[in-house]
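What follows is one structure encoded as structure tokens, with my remarks underneath.
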Amino acid sequence: MTLDVGPEDELPDWAAAKEFYQKYDPKDVIGRGVSSVVRRCVHRATGHEFAVKIMEVTAERLSPEQLEEVREATRRETHILRQVAGHPHIITLIDSYESSSFMFLVFDLMRKGELFDYLTEKVALSEKETRSIMRSLLEAVSFLHANNIVHRDLKPENILLDDNMQIRLSDFGFSCHLEPGEKLRELCGTPGYLAPEILKCSMDETHPGYGKEVDLWACGVILFTLLAGSPPFWHRRQILMLRMIMEGQYQFSSPEWDDRSSTVKDLISRLLQVDPEARLTAEQALQHPFFERCEGSQPWNLTPRQRFRVAVWTVLAAGRVALSTHRVRPLTKNALLRDPYALRSVRHLIDNCAFRLYGHWVKKGEQQNRAALFQHRPPGPFPIMGPEEEGDSAAITEDEAVLVLG
């Protein structure tokens, strides 16, 4: 998606970025960061398209301390990206350039944009689609942690989508190496995705610090957000939102959760553990039953004629299934006596009879509410199924109805 160009998006002059211009031709603006702009660019020799992140590091915009901080963070990001190069779900760094005034990072061009924008368009994702995205994300996080790298800024805005809707983790500006047993104390990241230990660490000088577990908390927030269309921790007053995070206060109360499985709710609860020691690791999360469900096989490569035949067979099969479902099957006396409530037609008669006797619906369980299914009483007595014998009544009496209902 092309963005409008403002004064802050002006391209560096040739002298300030000669090495970059010799190899790439910058095009339209496709994204912006706090201190950077992202443009589509074309490799002059091959014509291939990429994305370039351009950061201005001049004294006009930043103090000397800020200049050095930006340069150091970019160098660290470049080093980490080169270390993790080749992973299918991590953005690939193609080139990097540094001049006295600008820094350039050239990446693969992810045409589908951010996961955040995709979620905004869809409102909420299905469990199937969420499963695919979260599996890829956790595989990337597991790879980072295995290489002693913590991301520290996982969120939908930093997850990009390629042409095949596969994700790539990006924006490693807050990432750093973390040796086993080492702890961090720096407050960084996005408020709604911060783990409780990061907040506690910033408030308590005696706090031991935080580790890689903060990435798994963020994964839990992302998982919740994809399914609900809104984050688990939010309040218009940020101080109250941060308190909710530190106490782990969230609920599955919105209507979207009515159709979500208990399995995915369990995974969320295991990721959003306030105690980092009780939180799942990336490897443990990938072993959760939520990811064990069958994703389906790859589609066949069929010719147009074969696809047409499959479509015809599908329509014929659907018609036969519908016919079989609605065909009235013979009802035996033994089946009726064994479990009358298991038969739909008889069940309707029983429920309506109960309403006539008691004046209200008779529930068969605490979770059962059948009132919406039976809104009209029958116009007359219920016929007895099966042949009548001499002396039998042609209608069910009230005493017989009570006996059937037990």
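Yeah, the Cβs are placed from backbone N, Cα and C, and that goes for glycine too.
Annotation source Swiss-Prot lists domain 'Protein kinase' at 24-291, citing sequence analysis.
DSSP assigns Val38 (ATP binding site) to a strand in the three-state reduction. Taking the Cβ of Val38 (ATP binding site) as centre and 10 Å as the limit, one finds 19 other Cβ atoms among all the protein chains shown. The ATP binding site feature in Swiss-Prot is assigned to Ile30, Gly31, Arg32, Gly33, Val34, Ser35, Ser36, Val37, Val38, Lys53; the stated evidence is sequence analysis.
Sequence annotations record features per position, and here Swiss-Prot assigns active site, proton acceptor to Asp153 based on sequence analysis. Its own atom aside, the Cβ of Asp153 (active site, proton acceptor) has 21 Cβ atoms within 10 angstroms in the protein chains shown. Under the DSSP three-state reduction, Asp153 (active site, proton acceptor) is assigned to coil, being neither helix nor strand.
Per Swiss-Prot, region 'Calmodulin-binding (domain-N)' is recorded for 306-330. Over the region 'Calmodulin-binding (domain-N)' (306-330), the average per-residue pLDDT in this prediction is 69.
Residues annotated as phosphoserine in Swiss-Prot, with a large-scale study or a structure entry given as evidence: Ser345.
Marked as region 'Calmodulin-binding (domain-C)' by Swiss-Prot on the basis of similarity to another entry: 346-370.
Of all residue pairs in the ATP-binding list (Ile30, Gly31, Arg32, Gly33, Val34, Ser35, Ser36, Val37, Val38, Lys53), the one with the greatest Cα separation is 15 Å apart. Looking at Val34 (ATP binding site) and Asp153 (active site, proton acceptor), their Cα atoms lie 14 Å from each other. Of the listed binding-site residues, namely Ile30, Val34, the sparsest CB environment within 10 A is found at Val34.
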